[in-house]
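J.: In case it's useful when we look at the structure, here is the feature table from Swiss-Prot:
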MOD_RES   Gly2  N-acetylglycine
TRANSMEM  12-32  transmembrane segment
TRANSMEM  39-59  transmembrane segment
TRANSMEM  71-91  transmembrane segment
TRANSMEM  133-153  transmembrane segment
TRANSMEM  173-193  transmembrane segment
TRANSMEM  205-225  transmembrane segment
Amino acid sequence: MGSLLQGFTKSLAMTFLSEIGDKTFFAAAILAMRYPRRLVLAGCLSALIVMTILSATLGWAAPNLISRKWTHHITTFLFFGFGLWSLWDGFKEGGGSEELAEVEAELDSDLKKTNDQSKNSKIEDEQKKQKRPFLTAFFSPIFLKAFSINFFGEWGDKSQLATIGLAADENPLGVVLGGIVAQTLCTTAAVLGGKSLASQISERIVALSGGMLFIIFGIQSLLTPVDA
């Protein structure tokens, strides 16, 4: 297992390049244009931090369920696999912001449904208030919306699986801290910069950079001896 600093550095670089042009990054940017920034930032960051901790915990537990040798080999395979996947995405990417447009369309559709529902009668509104989810009594609906979009957007994502693999091979605490710092930087930039910043990001460059980083991690993992 690597040092805390090594886990922190790898996680910081990997998470930053994975998230800077990711779907959740664009979602945070667009949500921040429509709702109070502090609620959007709090909801998005909370979801990403929870996901990072869950992923690192799974990675930490993996060597206790199967041998460290196998977790090391699986992690190496994941790094190479994600590296080739990202490079492929980068080479076929036209350089535009197709994902930004896709996320915006999804959020517009969701907003339209919300507006249609708000036109119901007062009786239906009262019934909805009575059936309001338990969490809305403690958290703002905007916070919960930002949280759910980011949490489920990250679930099963390439960055989540990579975090699990990294935590299985490196210091889990370092991986968590590096991931949280990177998530904070990316999400804050998205919320403050909004759509204007998101539209300036080259998905192609981000994908190629992330792919090369994964390949480097894969080579390093391949050359690193497995602890007994």
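Cβ coordinates are placed from backbone N, Cα and C, and glycine is handled just like the others.
Just so it is clear, the model here is predicted, and its values are computed rather than measured.
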J.: For the transmembrane segment (173-193), which recorded stretch in the set 12-32, 39-59, 71-91, 205-225 gives the largest number of Cβ pairs separated by under 8 Å?
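T.: Per the Cβ under 8 Å count, 12-32.
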J.: State the residues, same chain only, that lie 6 or more residues beyond the ends of the transmembrane segment (12-32) and have a CB under 8 A from a CB inside it; answer 'none' if no residue qualifies.
T.: 40-41, 44, 48, 52, 99-100, 102-104, 107, 145-146, 149-150, 153-154, 157-159, 162-163, 166, 178-179, 181-183, 185-187, 189-195, 197-198, 201-203, 206-207, 209-210, 213-214, 217
J.: May I ask for the residues of the chain that lie six or more residues beyond the transmembrane segment (39-59) and have a Cβ under 8 Å from a Cβ within it?
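T.: The answer is 15, 19, 24, 27-28, 31-32, 140, 142-151, 154-155, 160-161, 163-169, 172, 175-176, 179-180, 183-184, 187-188, 190-191.
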J.: Cβ under 8 Å to the transmembrane segment (205-225), counting only same-chain residues 6 or more beyond its ends: which ones?
T.: 10, 13-14, 17-18, 20-21, 72, 75-76, 79-80, 82-91, 93, 162, 166, 169
